[in-house]
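Quick look at what TrEMBL annotates:
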| type | residues | note |
| --- | --- | --- |
| TRANSMEM | 47-67 | transmembrane segment |
| TRANSMEM | 88-105 | transmembrane segment |
| TRANSMEM | 117-140 | transmembrane segment |
| TRANSMEM | 161-179 | transmembrane segment |
| TRANSMEM | 206-227 | transmembrane segment |
| TRANSMEM | 294-314 | transmembrane segment |
| TRANSMEM | 323-343 | transmembrane segment |
| TRANSMEM | 349-374 | transmembrane segment |
| TRANSMEM | 402-425 | transmembrane segment |
| TRANSMEM | 437-458 | transmembrane segment |
Amino acid sequence: MEKNKSAVTQYNNAKLWQIGFFSLNNCATNIAMFLMMQYSYFTQNVLGLAAAIVGLIATGTRIFDAVTDPLVGFLVDRTNGRFGKFRPYMFVGNIIIWCSLIVIFNTPSAWSISRKYMFTTVFYVIYIIGYTCQTVVIKAGQAVLTNNPRQRPIFAGFDSVLTQMASALVPMLITTILAEKYSVGEFAGENGKSLGMINPAMWKEAVILLAVISFTFTILAIIGISAKDRPEFFGQEGFRPKVKFRDYKDIVMHNRPIQMLIISAATDKLGQLLMSGTMTYLFANMLLNSRLQGVFSSILIAPLVAISIGGVFVSRRFGLKRTFLLGTWGSMTMLAIMFVVGPDPNVPAVFLGMFLAQKCLASMGNSGIIPMIADCTDYEMYRSGRFVPGMMGTMFSFIDKIISSFSAMIQGFALTLAGVGNVVIKPNEPVNATFNMAIMVCFCIVPILGHIATIIAMRWYNLDKVKMAEIQEELENRREVRTGKGPHLNGATKAAAAEAVQNENRA
């Protein structure tokens, strides 16, 4: 009986509503990300900028984004003010994000080309600073919200449901609802081929609507984490070593799980961004029906919600690692079939049916990445005694963004090689066979390569369900040695924990 009691009390548990509310923070930033996935389309087809140059600029700014991550993560770990460690970065970050995006998507089309390049680039950089501040908390905040291995998959479920709904509803809002609304006057098109997607007024309304939704989600997320954003949840009670910037080197060199997770997630992210960036072209210029993208996005919601909820039960039973691998293998298989079959405008249901299956499988796997970062944070505390959720999250983001930064450049060069790099690509009209192949390589082949890298890297990621239970038990034993609180430890366990505590103190 005493043993069971100890097993229950060793965890920092969260209420269900706290997990749900905090997961809205990721959804808030994803809304901005899904809008910015249309950045290349907007700048080329509304502002008249060259795809290859925009791709290079986006790559450079994303590398800057990666460089800012370690600095912000370090600041988060050093922060412990009146409003906590995480909440200030969530609030300020969201304000910066949407002020920047409102400016970008209101760039006057009549300006000179050079002025538009300079203006959009400057505010893209400012947007990145805000995005970094808010997204750091997504990964770092998990470590204080709960350390229960059975609760972390619940966050993954909430996060996956909300993210997938956002990934479906944002494109539907832009490509179907608002594009239809703004297909008027010179943008009415001929023979029912609406041109609302290249109407500047459409983008101005879209950014305001999405800003309001994202800010509301951020406030709810702040409420969700407020009770846990306190010093007693920042690492082991009675032992909080001062965080130094040079600690990054030791973590990079010796924390094998975060190394492998970074490789897996970064290569997958590159593929995901390319899929999202080229999806508009796939619907508008290969399936020849841009409205279908919004319809398809709305159809996705129900199955993605179902698979996300199902994924929680799979993760709780088999662990985050096995669920991640299952989704990766399934997604890779479907992408290979999709590349062979290809999209046919006469029978779009065949390709879209496979695409739906691929999205569901990928969603089930990717939903566990953020909780896996929290597992790596706990492993670092187990390994070195350091509680550095900000460093862990931003080190992950640093490499992730460096690798995925090449997505815009790859897409830009792919369009340039297809001969459409600096022309307006009208929706609902075919382009050429080279264009079609370029889109399919970006949409299927690059993500497949990312999945292969994931499968290889996961062979050396050892934080499975059993290992995490062992880590949490050991951390609880050390806490009891330091504080003298909690169930009585037997001689051998107490001696082992005391030795670990002494090693941490010496370090």
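Placed from the backbone N, Cα and C atoms, the Cβ positions cover glycine too.
Outside the transmembrane segment (437-458), and at least 6 residues removed from its termini, the chain residues within Cβ reach (under 8 Å) are 260-261, 263-265, 267-272, 274-275, 277-279, 281-282, 285-286, 321, 324-325, 328-329, 331-332, 335-336, 338-339, 342, 410-411, 414-415, 417-418. The transmembrane segment (117-140) makes contact with the transmembrane segment (47-67): 3 or more of their CB pairs lie within 8 A, with pairs spaced 6 or more apart in sequence. Among the recorded stretches 47-67, 161-179, 294-314, 323-343, 349-374, the one sharing the largest number of Cβ pairs closer than 8 Å with the transmembrane segment (206-227) is 161-179. The transmembrane segment (402-425) makes contact with the transmembrane segment (47-67), as judged by at least three Cβ pairs under 8 Å among residues 6 or more apart in sequence. Non-local neighbours of the transmembrane segment (47-67) in the same chain are 39-40, 107, 109, 113, 116-117, 120-121, 124-125, 128, 131-132, 397-402, 404-406, 408-413, 415-416, 420-422, 424; each lies 6+ residues outside the stretch with a CB under 8 Å from one of its CB atoms. Residues 153-154, 156-157, 160-161, 164-165, 167-169, 171-177, 179, 283, 323, 326-327, 352, 355-356, 359-361, 363-364, 367-368 of the same chain lie 6+ residues outside the transmembrane segment (294-314) yet bring a C-beta within less than 8 angstroms of a C-beta in it. With a threshold of 8 Å between CB atoms, the same-chain residues lying at least 6 positions outside the transmembrane segment (323-343) that come near it are 153, 264, 268, 282, 286-287, 311, 314-315, 350-351, 354-355, 357-358, 361-366, 368-369, 372, 436, 440, 443-445, 447-448, 451-452, 454-455, 458.
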